[in-house]
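Over in TrEMBL, the protein carries these features:
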ACT_SITE  H153  active site, proton acceptor
BINDING   D7, E9, D158  divalent metal cation binding site
BINDING   D7, E9, H57, D158  substrate binding site
DOMAIN    2-175  domain 'Exonuclease'
Amino acid sequence: MRQIVLDTETTGLEPAQGHRIIEVGCVELANRRLTGNDLHLYIHPDREIDQGAIDVHGITLEFLEDKPRFAEIAQTLAEYLEGAELIIHNAPFDLGFLNHEFKAVNPAHVALESRQPVIDTLVEARQLYPGQRNSLDALCKRFEIDNSNRELHGALLDAQLLGDVYLSMTGGQIDIGLAAEDSAESGALATAGLAEHLAQAATRPRVTRASEDEQAAHARYLDMLAKASGDRCLWRSLDEA
């Protein structure tokens, strides 16, 4: 099974307001093993970058001056993602930007989440660890993953950290011998713990507070606040506390 752990950095918070992707980082997993076949792209946005965004990722327009436009890398990125299961932390944010960029290049573009499976690790983490903080930094700390180099956000670094978090959260990286012998069976065994946890979480009494669309909109709004404040969003802290 081929999976792609993906992250983006952007000029701002809303593609509908003209903001663009400026960095894409992708880490490939095959049968739950890191392959090293990663993809890292910087992209010139043809617009200014909000200062709040620069404070988060440190990427300036001057740095991107000689980088390609999205239209120039769209086919490379699309071919790399094709057919893979996507693993994204707070998927609506990144998918919203990616779909907006692809649609600008090709108006007939079909939304990525409509053509290939997507795992939102933020949703998974909240089901596994309700009432706890589930930001990428918090998950790295929980699984004792070294994120000391993460002084600023970076798409490739964040994708690499998220890959480690995902594997830790779902049973770990499969031994190469087991994978060669029976990758499908070992993959199922490795994710059995996650399935059990999710099943238990599903049986817990819950108060229905909002529809899925409302929750998704709320999550996107909190993500915007978090990015604008350099991950110091009070409401996000309360939501994950």
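Glycine too: its Cβ is placed from the backbone N, Cα and C atoms.
Location within the structure of each feature annotated in TrEMBL.
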{"residue": "D7", "record": "divalent metal cation binding site", "Cβ within 10 Å": "27"}
{"residue": "E9", "record": "divalent metal cation binding site", "Cβ within 10 Å": "26"}
{"residue": "H57", "record": "substrate binding site", "Cβ within 10 Å": "21"}
{"residue": "H153", "record": "active site, proton acceptor", "Cβ within 10 Å": "21"}
{"residue": "D158", "record": "divalent metal cation binding site", "Cβ within 10 Å": "23"}
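Within the set D7, E9, H57, D158 that the record links to substrate, no two Cα atoms are more than 12 Å apart, and one pair reaches that distance.
In the predicted structure, the domain 'Exonuclease' (2-175) carries a mean pLDDT of 96. Here the CA atom of D158 (divalent metal cation binding site) lies 11 Å from the CA atom of H57 (substrate binding site). For the pair formed by D7 (divalent metal cation binding site) and H153 (active site, proton acceptor), distance between Cα atoms is given as 10 Å, rounded to the nearest Å.
Taken residue by residue with DSSP, H57 (substrate binding site) is part of a helix. Other residues of the chain with a Cβ within 8 Å of the Cβ centroid of D7, E9, D158, the divalent metal cation site, are T8, E23, G25, H57, H153, G154, A155, L156, L157, A159. Secondary structure at H153 (active site, proton acceptor), as computed by DSSP, is coil. Here the C-alpha separation of H153 (active site, proton acceptor) and E9 (divalent metal cation binding site) works out to 8 Å. Reduced to three states, the DSSP call for E9 (divalent metal cation binding site) is strand. D158 (divalent metal cation binding site) falls within a helical segment according to DSSP.
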